[in-house]
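As annotated by TrEMBL, domain 'Guanylate kinase-like' applies to 12-190. Annotated ATP binding site per TrEMBL: GLY19, PRO20, SER21, GLY22, VAL23, GLY24, LYS25, ASP26, in sequence order.
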Amino acid sequence: MARAPRVTTQPGRLIVLSGPSGVGKDTVLHELRKLDASLRYSVSYTTREPRLGEEDGVAYSFIDEDIFRAMAERGEFLEWAEVHGNRYGTSEARVKAALERGEDIVLKIDVQGAAWIRPRVDGAVFIFLLPPSEEELRRRLVARDTEDEASLDLRFRNAVAELADGAAYDHRVVNDDVRRAAGEILDIVRRRRAERRA
Ligand code: 5GP
């Protein structure tokens, strides 16, 4: 991971959202942004191929390995990590611009990225999304997956192992119902906003 300068979250607030694959981070985030249109989302850079329906610059900024490496070497990422064989990075410039405008900005990043940011960014809020149960997590992975049973088992075991990472986060939110979970996250964000004004 490239070295990154310290970032202050004032006057905006940095909100880090993580969770195991299949837990429903994208759906909850979509709902959250419907509930509060003022929330910004940090579009990450990635070397993975776009999935069907993913628009460049909206879901991710899709770039190749060479460009990613050059950006990392120039220190343009606040953090970056390799996840499932692809690289993902958060643009420091995009995040800083939003924070300086006083906007709250959400990063949907993996636990490695969150661990990198935790000691380096003052005042960031760390939220971990959990499934209601391991059975439900498996059901969601099956529902969105076309993979064979063996690789599904591996992904499921990995996802269950990832649940333990939630202990390091400020808040753990159960995604039992998308609207409820998004509402709980919004309450957390609003409490942080109120603390900032106080
Ligand atoms: P997907 O390829 O399914 O969209 O994302 C795979 C994983 O990469 C998810 O856990 C997602 O949160 C994580 N991820 C997406 N963008 C970033 C990023 O900029 N930095 C880090 N560290 N992880 C990211």
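Placed from the backbone N, Cα and C atoms, the Cβ positions cover glycine too.
Keep in mind that TrEMBL annotations are predicted by a computer and have not been checked by a curator.
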When you average the Cβ positions of GLY19, PRO20, SER21, GLY22, VAL23, GLY24, LYS25, ASP26 for the ATP site, which other residues in that chain have a Cβ within 8 Å of that mean position?
-> LEU129, PRO131, ARG140, ALA159, ASN175
Neighbouring C-beta atoms (10 Å sphere around the C-beta of GLY19 (ATP binding site)) | 27
Packing count at SER21 (ATP binding site) (other Cβ atoms within 10 Å of its Cβ) = 19
